[in-house]
Amino acid sequence: MEEDGGRGAAASPGASARFVRCLYAVGFLDLFGVSMVVPLMNLHIKSLGASPTVAGIIGSLYGIMQLFSSTFVGCWSDIVGRRYSLLTCILLSALGYFILGMSTTVYLFAISRVPVGIFKHTLSISKALLSDLVSERDRPLVMGRFNAASSVGFILGPVVGGYLTELKDGFYQTSFICASIFLLNAGLVWMLPWSEENTGNGKQKQGKKRTDSIRAKPNCDLQLKSVTNGTVAIDSPFQSPWVQIVTVLKRIKEIACSDLWDIFLVRLLMSVTILLYHSNFSLALEERFGVKPLFSGYLMSYSSSLGVLAGCLLGPITRLYQHNTYRLLLHSSTFTCTLILLYASALSMWMVILSSTFLAFSTTIGRTCIIDLELTIGGNEASGTLLGVGQSVTSVGRIIAPLLSGIAQEFSPCGPPSLAVALALVAILIMNVNKQKYCSSGNVKLKNQ
């Protein structure tokens, strides 16, 4: 692979398509395994004798580790290459879930969360790899399908986990099965046609062009400055850790000094917006309409299923918008804001169901578009770093949202969604103010056009 972290196109359209489909399977297995265990963790730590405060502290520490590690791991994947970093993250995550399967004390439970908190960034690295493999025009479609495949795993996982936990020592068995799924994922990543990808790099250097629905990404001018002078070659990932650390810090400095603050601010605001909408969903429906939590659960599952469908429809939608990611993001964010306002002012459950139905589409589209816009403006040279920073921004949103939700609920059950509408309006305003940055003659400035 090339020295930019192991990025490149597959040797042929068929090889590239197989590579991408395998990554869909990686995303599915990842969230399938995780969602088997995560819903059961609070019950397990309580059964170990932990107080709610201790359980909350352990959960917060996991979130803090994710907040700080996502940027560094994403940047590290740019330096040492996707294969090595993805395998490392999968195997260490498997170790964490294996320790979780042996956690008969609160101390072991806390230890099990450390490798997962630091290295559970497999989806971000997979998305960076997808970004390396496909053209910018195809990226929203491929990202949407990847998100859809992952969401299917997240929908099925809790059902299987709930069944397994009914068995004797069910939580421990579920944790071991989750670790085994991660090992299976590692094997799948190991068997991916990386050698064909190497061949593809050589052929691309010789000027051979490939065309397919999943096209190899051509060399592009980057808005972020390259730091290839400090880059570590993929064929020697075990070089001095200090060299890797220095290079990671250089990459992060490049992002910090770049003109991307508005994109990350929009991502933060929209993340908090969606989190506020979900924060007291079941409680608000019970207080406003007398709806039981069971019905709220069915409604959330219904919305999740529609989100999978929305991911599959991103291709036709982006073609309808002529691949103008900025305009699609602006419209989806505006639609999201309007639908949350409809939910906050709903007078009947039918209005809630209507808003939930279309929110599943607008939020899925918006989530994919903001990632695509980050990569388009930031450049492919630092795609792992950009996705890592984006994950850190989302983690900040997860920390802020519960506090804002609690304060807003002091005033009204409709307080959190009303605050979400205000934050979404600020995000829309920022996008409009910076319109010229993203657009030229009504089109997003794609580097390959």
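Keep in mind that glycine also has a Cβ here, set from the backbone N, Cα and C atoms.
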Transmembrane segment per TrEMBL - which of 299-321, 414-436: 299-321
Within the predicted model, mean pLDDT of the domain 'Major facilitator superfamily (MFS) profile' (19-439): 82
Residues of the parent chain within Cβ reach of the transmembrane segment (328-353), under 8 Å, 6 or more residues beyond its termini: 140, 266, 270, 273-274, 277, 285, 288-289, 291, 299, 317-318, 321, 359, 362-363, 365-366, 369-370, 373, 414, 417-418, 420-421, 424-425, 427-428, 431-432
Region pair the transmembrane segment (299-321) / the transmembrane segment (146-165), three or more CB pairs under 8 Å: yes
Long-range Cβ neighbours of the transmembrane segment (53-72) (under 8 Å; 6 or more residues past either end): 42, 45-46, 106, 109-110, 113-114, 116-121, 124, 248, 252, 385, 388-389, 391-392, 395-396, 398-399
